[in-house]
Structure formats: C-alpha cells, structure tokens
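Below: the structure, in structure tokens.
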C-alpha cells in the first residue's frame, strides 16, 4: 500500500525559521529543515513524499472575498530570498516540490484525497487545522512540532461539534485566523449550540421560525455571508494535478527530484 507523506511547505519552514535567532542565517534554516524532513522520513517510512508550496498568484478565495487572510504578515525578506535555494537543496534529498499557483492547501487536499481513494494512506504534515475537514479513514494529519497526530476527538470536544460539522461551524462563526467572516453576532459557542440542535446549515435555515426573533433575524440577514464563508473554508479536493506518482517515490539514496509547477 502506498503511503504518501505530504508536507505543507511554508507551514513547516516558517515555524522553523521563526525559531532561528539570526533571520539572515539561511544555513541554519537549511540544516533544521533537513533535520525535520529526515525525522519525518524516519518516523513515518513513507513510500512517497512531496512538499507543497504556496504560489504568488492571487487565490480564488481572495478574488471572491478580498479581505480573506487580510492583515497577515508578509514573508520575511531573507526567507523569501533564500527559499528557492532551500527548495533546490530538498530536491537533492529526493524530496520533490510541488508549486501551487496560489494556496498550497487545495493541492495538498487533492493529493490526500486522491491517495486515499486509490486505497493508499495520506499523511498531511501541517499544524493547520483546516485539514481536519478531510474526513477519511486513510487521511491523517501529523503535527511535526508536537510529534503527534491531530486528535480529532479532542478537537470535536473543544469546538463542541462533530467533525462532519466543522465547515458548518466556520460558516456560522467564521475563522479569525483566515479572516473568514461568518455571520455577524454569531460566535463559536452559539454556533455550536445551534448545530447541536439543528445538525446542519440547511436544517437550521429552514427552522428560523422556531428561533427567537433576534437570533432568527441575525441568521436570516447573514445567510449569504454564511454561504460565502462555507465556500471560503472548504478545501478543493478535485484539482487536475498533472503529476506522476513515481516522481515522488521516497528512496534511501538521495538523488535530484523533480520540481513540479501547478
């Protein structure tokens, strides 16, 4: 059975970079990223490995909602200048890069789902909990920094909803980290309570007459924003990826791996 280790490139590298005392020390970054990737290979023993990078194009999400991810700090200039050399170094370790046109998340999600549907196992290396919506028994998420798999049961308990409701929760309450708006006046706790009662967005919006006038008014006025928020939060899992699985085989003997543009 294929086991595909899919690394969220900037999620890994920016966290490692943030821990380096000298922001211009690209050699230390290269050493630490190499060490992290070596450890990932040793821990998981994948048959295939890829590291997926964000691209420079404006994402379809930002085109749809210009405030999406607004206010995020830009990549530090030394890291931006040294990133290509790091990617080329990883290729010599047989870790192929995939360059997304815009956001890496949709490419990662598509790779994971395609692997799972082909009866393989996909392990996403990222701390981004947005991947938790990929509800498939052969897709898991690994937090390299805490050396543990994402605990879905603990996340369900923290959020107060089932995994199948994660997207509905973000549609109602939004996601401050990504500047996904949700419905004004509906916070995470009230959204979770509504979903406990009504289970789905469609049932909730068809049941507004059963709610108090004030809350029903908020929901009715925010219905279109909830739909937009759901779309922004939902990962695309069916992108046309022109790749060949053999290009991502993990070998013990390092050799240059292809860098694949999407």
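Each Cβ is built from the backbone N, Cα and C atoms, and glycine gets one as well.
Residues or ranges marked as Mg(2+) binding site by Swiss-Prot: 105. According to its DSSP assignment, residue 105 (Mg(2+) binding site) is helical. Residue 105 (Mg(2+) binding site) is surrounded by 23 other CB atoms, counting those within 10 A of its CB over all protein chains shown.
Look at Swiss-Prot and you will find 172, 173, 181, 183, 186 tagged as K(+) binding site. The DSSP secondary structure for residue 181 (K(+) binding site) is coil.
Each residue in the domain '5'-3' exonuclease' (164-251) gets a DSSP state, and the totals come to 57 helix, 3 strand, 28 coil. Sequence annotations record features per position, and here Swiss-Prot assigns domain '5'-3' exonuclease' to 164-251.
The region 'Interaction with DNA' annotation in Swiss-Prot covers 185-190, and the record cites sequence analysis as its basis. Beyond its flanks by at least six residues, the region 'Interaction with DNA' (185-190) meets 159-160, 169, 172-173, 215, 218-219, 222 of its own chain at Cβ-Cβ distances under 8 Å.
Cα separation, residue 181 (K(+) binding site) to residue 105 (Mg(2+) binding site), rounded: 19 Å. Taking a C-beta cut-off of under 8 angstroms and a sequence separation of 6 or more, residue 183 (K(+) binding site) has the following same-chain neighbours: 172, 173, 174, 218, 219, 221, 222, 223, 225, 226, 229.
The most densely surrounded of the binding-site residues 173, 186, judged by C-beta neighbours within 10 angstroms, is 173.
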